[in-house]
């Protein structure tokens, strides 16, 4: 039990939590501003509400699936966690979404929004970002 607690603390300690403007710059540099018509502010809002910009965020859902990483990408549809029956549409292991190298997560998020639901696939975006004034998400970032 003590070993498990230590391992969990190490995993949390190694999490990368981005500062809002730093994250916005990274997203812009990865071509997310305007990708599929989605503004940078929408991406920043989405990830604020999904993970608070935390690369190691996970959330277990009532259907047995898990959401992974800074975008909270779901194991039922987008990645393989070897526990959930999956479509694995991003063709990745879910653990790849929990690393500090967010390029895989960004590529998968781009794949998600190519589906008919677009950015609406994320409940947090629908509840907190859709139709809102999102200017505060880029305020002070110089973007």
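Here the Cβ of each residue, glycine as well, is placed from N, Cα and C on the backbone.
What Swiss-Prot records for this protein:
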- 1-15: signal peptide (SIGNAL)
- 16-143: domain 'C-type lysozyme' (DOMAIN)
- 21-141: disulfide bond (DISULFID)
- 45-129: disulfide bond (DISULFID)
- 50: active site (ACT_SITE)
- 67: active site (ACT_SITE)
- 79-94: disulfide bond (DISULFID)
- 80: N-linked glycosylation site (CARBOHYD)
- 90-108: disulfide bond (DISULFID)
DSSP-derived helix, strand and coil totals, residue by residue, for the domain 'C-type lysozyme' (16-143):
52 helix, 14 strand, 62 coil
Of the recorded positions listed as 21, 67, 141, the one whose CA lies nearest the CA of residue 45 (disulfide bond):
21
Given residue 94 (disulfide bond) and residue 21 (disulfide bond), what distance in Å do their CA atoms have, once rounded to a whole number?
26
Measuring Cα to Cα, how many Å separate residue 108 (disulfide bond) from the residue listed as 'N-linked glycosylation site'?
12
If you average pLDDT over the domain 'C-type lysozyme' (16-143), what do you get?
97
Can you tell which of the recorded positions 67, 79, 80, 141 lies nearest to residue 90 (disulfide bond) in space, using Cα positions?
79
Just jot down the residues in the same chain as residue 79 (disulfide bond), at least 6 apart in sequence, with C-beta under 8 A of its C-beta; none if empty.
68, 73, 86, 88, 90, 92, 93, 94, 96, 97, 108
What is the total of other Cβ atoms whose distance to the Cβ of residue 67 (active site) is within 10 Å?
24
Can you tell me how far the Cα of residue 50 (active site) sits from the Cα of residue 67 (active site), in Å?
9
Cβ-Cβ neighbours of residue 141 (disulfide bond) (radius 10 Å):
17
Just to be sure I understand the packing, how many Cβ atoms besides its own are within 10 Å of the Cβ of residue 50 (active site)?
22
